[in-house]
Amino acid sequence: MAELEGLEFGKSDFVLLDEVTMEQFMENLKLRFGKGRIYTYIGEVVVSVNPYRQMDIYGKDSIEAYRGRELHENPPHLYAVSDAAYKDMKRRAKDTCIVISGESGAGKTEASKYIMQYIAAITDPSQRTEVESVKNVLLKSNCVLEAFGNAKTNRNDNSSRFGKYMDINFNFNGDPTGGHINNYLLEKVRLLYGGSNVMLESLHLQNNPALYVYTREGAATSYKDRSNHKAVMSALEVIGFSTEEINSVYQVLASILLLGNIEFERNGESVQIIGLEAVTHIAELTATDPESICKSLLYRTVATGGGDVIKKGHTKEDAWFGRDAFAKALYERLFGWIVSRINSIIEVKDYNPLLHGKNTVIGVLDIYGFEIFDNNSFEQFCINYCNEKLQQLFIELILLQEQREYQREGITWQHIDYFNNNIIVDLMEQPHKGIISILDEACLTVGRVTDTVCLESMNTKLSQHPHYTSRKLNPTDKSMDFQKHFRVRHYAGDVTYSVEGFLDKNKDLLFQDFKRLMYNSANPVLKDMWPDGKLSITEVTKRPLTAASLFKNSIVALVDKLGCKEPYYVRCIKPNEMKSSVLFDDARCQHQVAYLGLLENVMVRRAGFAYRQPYARFLQRYKMTCEYTWPNHLMASDRDAVEAIVNQHGFQDDVAYGLTKLFVRAPQCLFTLEQERADLIPILVLFLQKVWRGALARRRCRRMRAAFAIMGFYKLYKVKSHFWAVAASFANVRTMADYGRNVEWPRPPAVLFRFHHITKTLWWARQVVKNIPPSDMLEVRAKVAALTVLIGKRKDWGPSRAWERDYLSNVRDYPESSSSFIRMSKDLKNKDEYSQVLFSCLCRKVNRFNKSTDRGLLVTDKYVYKLEPKKQYKVLKRFPLDSITGISVTAGTDQMVALHVSSQDDILLHLHRGELFPDQDRVGELLGVMVDHFTRSFDTTVEKCYRS
């Protein structure tokens, strides 16, 4: 188990607080933020505080620490909830989702990127090409969508101006096979920072955002915008966008910037464009006709009731609105096309569940947070509506669903009051009465309906609603203006909206002329973005849905999609408005904790249970941990079997038994069971493998025994036949002069080839050796030993002559001194108790100064002696025979010998050849005698050890 956090870092799970109060909650949150612990649990919910700095907790080591671990085994982390969602999906084959929520600037986008990176890192350990390609596209899509869908605001450097929900598809192995991205509401974004001069020139742009109306207000750039431009280009290529498609993307962006600089003026009763250079550039970039662009900007084609088509000239104001609507639509269509193009690359194609197993999904939702600005308009209204719907889902799935399940299962627990925001959701979306319905009704009304008239309608219909007010309904509230502001009391706080521009932003102000203009473009990418431009003016009869209705429908579909998945939550908190890594604004954070319902969430977890599972599934998963339930239980019901498991592990006080489910209060109990199960699984697998392998082995053994029996009888027959042939061939060799050396051996069977070769050699050697007298065997063994070590190394080593060994005792060689040596050797034999003389002769000793003197050499089975021949062979030096570590000789015919001693006091000698035979080589004799002696001594020692 990985090392957990100490008490100095506060409580890693708010459920463990001593008392569930706002004061203790905030104290623990602030302590952990100050200690650099930005993540805290509420059961399975992760509370994340934006650190506003780089944290060293997202590398490969951290990923390995959380891979395959249980949720509460390591300190709180995004990786833990990501791994839990992945394991839940893989174990239960059930779709899961991770909902990241919080206000703007709380760190939701960064959290979604870390979750994606973790899932990519822990999947596909075999590094298969097709899976790695899918992972790369999923990761790179974040970079592209951020570049086109995020913006720098006063509250956030990388604020999401769109919502993103990504489904990641997995096969039965848990490897990603594809995905799908949905986006919700697009607002203004960054445009073309970081482009090269050559690129900007080809797009008829200059590297100065202040020159363009649409970028003038946010003209300040940052180093990140410029440095990330290459990353975006690279990501587009990795995803699979062609060069032509990438060029088309930037051509559309350039067209939007140039479109914003087009100005209009009155010319009598008509309107005309001031300067046509921008129009010419736009026509070139969009592959359209300049004249058609001018007509679309200045006129509107209308179909009359009788089927006639007329052109209505715009007023100057209508031309401005039309231009801006066209620019906004260009960007929205571009962003939508980018998302659909990514989807076409990553979506799972031709998936067959029968062949590939069930396809499961992990959804990741990263959507804009709750927004309260000084001036809140239609965009903030839509964003806050989305957050109300997500809060409603959170309440239903985490709070309300929790209580209802306990009641349904008959579990007794303390009821917890919480704020249900259904009343606010109804205020915004209820048919015929909600704000969205009132806006749509105003947009559909024939005649001139202004924002003020729409506000009056809301005041009339919503005057009694407790979460709605305006200056007319509350005249004493001077923070709002008459005929301009209305206020909604959201779950996150009161938000005052300015009604100005609501109707224009809600209507579809894009004239059909612009749609047909883009559809008729020679650029296939642009044509693909505008499929609705295919219809002629007489075919377009149905009024399109308003922006609010489209957005409401997409959010309802999103909530339905999330509701059918197993949810995991990341609740993000913004610590301060200064983007400081050390400042913790207590009031600001407490407000977020309150409207996110985190304290209620803690109360539910404290009063309730962290884990629940139907008895059958719990038993199926953990039955191997109890001797009474493995492999199958004999009890009355699964509930009794589950109770046996719980009692064996001592969890009686931490569980409750429902009608159909077991409820576990502490996550640590579940971790204990999971750990024991993980330890037992390899044992069970080995047991099953052992049984199956045993069956296979026994069947194989029976077959092999039958085969070996047949082979054994056949081999026995072949061996006997060979031996009979050998016996017949060598029946009379004892009477032959060469002992049968020239007799041809019968060809043996393959099994006896090696045996035949050894037998043939040993047999001939035996025929030769058995005729050697026992008195000569000592000399033969010495010569064999010398041959073994000198063959191929010394040309002449005396094998052809008789080896006398003890030359100093030989009267023939040394008639004058032999008697003296014999007397001396008898005295030494009595004194040192050696058994035999191995070698003796006269020699000449050479010292380190290259001086030589005559000496006698005596080698016995115990000692080596250096003698003085001139003093009746007086012993000058003696050292044990076993102290000799080696002998060195030359490859020539000289008689030089070096005796290496363990004391490193080596002796260099030149052996005398003898007076009668001056060509004798005694080096081979000395070497053979000593090698034979050491070999026989070693064999005797081994035999004694073996016997003992």
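Numbers run from 1 along the shown chain.
Every residue, even glycine, has its Cβ placed from backbone N, Cα and C.
Summarising the annotation, TrEMBL assigns ATP binding site to Gly102, Glu103, Ser104, Gly105, Ala106, Gly107, Lys108, Thr109. In the structure as shown, the Cβ atom of Gly107 (ATP binding site) sits within 10 Å of 24 other Cβ atoms.
The domain 'Myosin motor' annotation in TrEMBL covers 9-678. Across the residues of the domain 'Myosin motor' (9-678), the predicted structure has a mean pLDDT of 83.
Positions annotated as domain 'TH1' by TrEMBL: 792-948.
The annotation region 'Actin-binding' is assigned in TrEMBL to 555-577. Taking H, G and I as helix, E and B as strand and the rest as coil, DSSP gives the region 'Actin-binding' (555-577) the counts 9 helix, 8 strand, 6 coil.
Panel annotation: around the region 'Actin-binding' (555-577), residues 29, 33, 42, 44-50, 52, 78, 81, 84-85, 88-89, 92, 94-108, 111, 115, 155, 163, 165, 182, 184, 361, 363, 365, 369, 385-386, 389-390, 392-394, 396-398, 583-585, 588-589, 592-593, 596, 598 of the same chain, lying at least six beyond its termini, place a Cβ under 8 Å from a Cβ of the stretch. The binding-site residues examined here are Ser104, Thr109; by Cβ neighbour count within 10 Å, the least packed of them is Ser104. Taking Cβ-Cβ distances under 8 Å and a sequence separation of 6 or more, the neighbours of Glu103 (ATP binding site) in its chain are Gly369, Phe370, Glu371, Ala492, Cys572, Lys574, Gln592.
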